[in-house]
Ligand SMILES: Nc1ncnc2c1ncn2[C@@H]1O[C@H](COP(=O)(O)OP(=O)(O)OP(=O)(O)O)[C@@H](O)[C@H]1O
Ligand SMILES: [Mg+2]
């Protein structure tokens with residue numbers, strides 16, 4: 001649905017994007033991560049033809065970005081979505097519907113879908129930040145887009161609306177919509193997207209499923225063993241771990257050693273109470289890939 | 001076309017919410033009332049009906065007010081969208097920039113039309129109240145209304161162009177005021193000075209009429225004076241009005257209106273959000 005090949009964009013001396021190649025297939029949800037100024041918004045804007053790429057090629061639904069066919073297939077939610085303060089939510093969505101050739105009467109159900117039915121007839125100027133963000137989401141849902149480009153879609157949303165938002169995305173992906181979204185909230189994209197792409201200083205430093213990124217990074221796995229006060233010293237010695245308090249011993253091990261380590265722990269039998277395995281979090285992976293790129 | 005109308009509908013709504021419609025209507029009606037109350041046009045032509053005289057004074061009022069109203073409505077059109085951050089999203093929709101601009105243009109022209117109808121309507125009612133023979137002036141009033149719309153269209157386009165080039169509402173407002181001063185006030189002053197210095201020479205008879213046409217405000221004045229029986233006050237303009245046929249002045253006004261929109265589109269196409 002979307003392919004970017006070797007996209008570069010420079011602003012004077014600033015290289016906002018360098019040789020970025022990324023694609024999103026139908027029904028796939030890709031999370032675009034990266035530090036402030038990494039180039040996430042710039043990449044999205046080049047995909048939407050809001051700014052031209054300096055070099056490289058982009059195809060959206062088989063068309064060049066900015067072509068009518070590409071625009072008809074694509075929905076966009078800009079970062080800090082803004083609307084005319086004098087219009088009501090319903091009027092604003094009605095305008096966007098008509099611009100996409102849809103009947104204005106659908107505005108009510110779209111606003112309901114994002115939980116704005118109560119405020120639909122109030123002016124957007126009176127909306128809170130999260131409510132404005134929801135207007136942005138409502139317009140992005142118009143007319144079953146085949147590609148959605150969402151720039152920090154959950155910024156300003158409360159936890160419940162975030163969950164509802166990802167539920168909507170899951171529905172859309174199931175129906176074949178390709179979704180590219182950027183975020184700084186790593187924990188929420190961890191479970192709710194199919195692939196992770198990490199930009200660092202304009203370069204794509206990672207682009208794979210979470211499981212594959214874990215394997216590739218080879219970050220140590222943490223194992224927390226809970227013992228009893230009278231056995232904790234013995235457990236720490238036998239497992240060669242670090243005693244953190246009166247009952248707990250921490251171990252780290254490589255991905256490949258995980259099972260043998262767990263076997264060892266199981267061998268201790270009644271000396272331990274519980275064991276917990278903690279894989280590297282997306283935050284750890286993110287730090288790893290961003291750092292690696294710096295070297 | 002549905003996309004243009006969608007944009008226009010939304011812009012009219014915004015103009016009403018922002019009190020633009022009310023302000024424009026009140027301004028035009030108030031000035032028309034004052035003119036009517038003041039009685040007759042400065043020239044007070046013998047034999048002319050009351051409405052024709054009113055039209056003559058409305059013409060000299062419209063030359064100032066219509067460009068002002070048009071610029072006030074248009075200077076924010078592009079710069080305001082850039083400032084609010086609403087432009088990038090709309091540009092990703094399947095609408096062309098021409099359609100976006102045309103929507104705004106239609107809406108603003110409609111608001112201007114409503115204001116003109118109100119103002120000229122008030123003046124016409126007043127004229128009929130004092131002179132039963134005022135019907136003779138109706139064609140002149142219709143000509144004034146249509147040419148006022150054309151004049152407004154030209155300055156709407158110029159306002160959009162200024163808005164797109166300035167990118168910031170503050171700068172756009174300044175540039176719009178400058179545009180108004182140059183085209184409506186300074187241009188005429190300059191020509192007047194040149195005519196006085198020339199003392200009725202080749203410039204006054206040969207070049208001056210054409211220079212008048214090079215400014216939409218003067219083309220408007222020229223058209224209404226030339227077409228009207230109640231000739232205007234300024235001798236220079238009246239003289240030029242005899243040299244230039246009304247049809248030519250009107251077609252130039254049309255060219256200005258179309259040219260203003262073309263200029264606006266050109267400037268808007270260059271805007272990178
Ligand atoms: N119009 C512009 N002119 C000059 N530089 C720009 C422009 N737009 C972006 N940049 C630069 O490009 C780089 C990438 O910016 P971008 O907005 O894409 O970052 P981002 O990843 O979206 O950051 P954030 O997480 O803060 O939203 C930054 O260094 C920024 O200063
Ligand atoms: Mg950004």
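Cβ from N, Cα, C; glycine included.
The transmembrane segment annotation in TrEMBL falls on one of the ranges B:80-104, B:105-129, namely B:105-129. With a threshold of 8 Å between CB atoms, the same-chain residues lying at least 6 positions outside the transmembrane segment (B:105-129) that come near it are 4-5, 7-12, 15, 20-21, 24-25, 27-29, 31-33, 35-37, 49-51, 53-54, 58, 62, 66, 69-70, 73-74, 77, 135, 137-138, 141, 144-145, 148-149, 152-153, 156-157, 160, 261, 264. Non-local neighbours of the transmembrane segment (B:169-187) in the same chain are 63-64, 67-68, 71-72, 74-76, 78-80, 83, 155, 158-159, 162-163, 215-218; each lies 6+ residues outside the stretch with a CB under 8 Å from one of its CB atoms. Sequence-distant contacts of the transmembrane segment (B:247-268), counting only residues of its own chain at least 6 positions beyond either end whose CB sits under 8 Å from a CB of the stretch, comprise 78, 97-98, 100-101, 105, 147, 150-151, 153-162, 164-165, 213, 216, 219-220, 222-223, 226.
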